[in-house]
């Protein structure tokens, strides 16, 4: 396997270096690139980056043969854009236009790939005979610092502790303010909820009162009707009693009148009899007198 060194700046190395653009590095790996380009000559170095790769040949003839043979080839659904690193394409035209697999192989062989634009054109614009871009910077491991004397270390620790304490206090104050604001909001919400509950209780009480009134009203009406009926019945009874008493009094008065009439008639009869007796007595006296006169005459 070739090395990863593809950033030499000497003219010979630059003229024998091939740039491979629009490469689907999610699918194509370094071993695949070496297998494809090793047939054009010995590969000294190969580096694969995101969207592109570099292949370092021994001489310029092998590099030009690789460019002529592989430029425009489709690998993993993307058309490769290959040229010498020292001689980038000036008039690319529509080099970054996406083309489907159906255009390359016909409508019967349609691959669903999202073609990317030429990473080389977007990221780098090299004039002729310009060194390639530097490789991706590796993470630099910082060297260990020498320990300082105990006093300075203590001061540093104390300073760090003071800074951390200040940060902690500021964060605590911020948290305290946030907590107070949250408490205020919660108290407001609680007050609103309490007022709503009170209003609901009032509404329920009013509804219960109305329901009680609606239930009690027919009973009261019935009681009133029964009382009225009882009073009317008692009045009727009183009227009948009065009528009966009046009729009984009339009968008594009639009987008394009849009795009085009878007494009057009896008194009148007695008076008439007495008068008759009185009339008879003088007649008898006259008769006695007449009889006496007759005797005298004889």
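Note that Cβ sites are derived from N, Cα and C of the backbone, with glycine treated the same way.
Worth saying up front: this structure is predicted, and the values here are computed from it rather than measured.
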Swiss-Prot tags one of 13, 143, 208, 234 as phosphoserine; which one?
234
Could you check Swiss-Prot and say which of 16, 164, 170, 253 is marked as phosphoserine?
253
Swiss-Prot tags one of 142-148, 149-155, 177-183 as motif 'Nuclear localization signal' - which one?
142-148
171, 195, 199, 231 - residue that Swiss-Prot labels as phosphoserine
231
Look up 158, 162, 226 in Swiss-Prot and give me whichever carries the note phosphoserine.
226
Among 47, 169, 214, residue that the record in Swiss-Prot marks as phosphoserine
214
Please list, in sequence order, the residues in the chain of residue 2 (N-acetylalanine) that are at least six apart in sequence and whose C-beta is under 8 Å away from its C-beta.
34, 43, 44, 45, 46, 56
Across the coiled coil (176-211), what does the pLDDT come to on average, as a whole number?
90
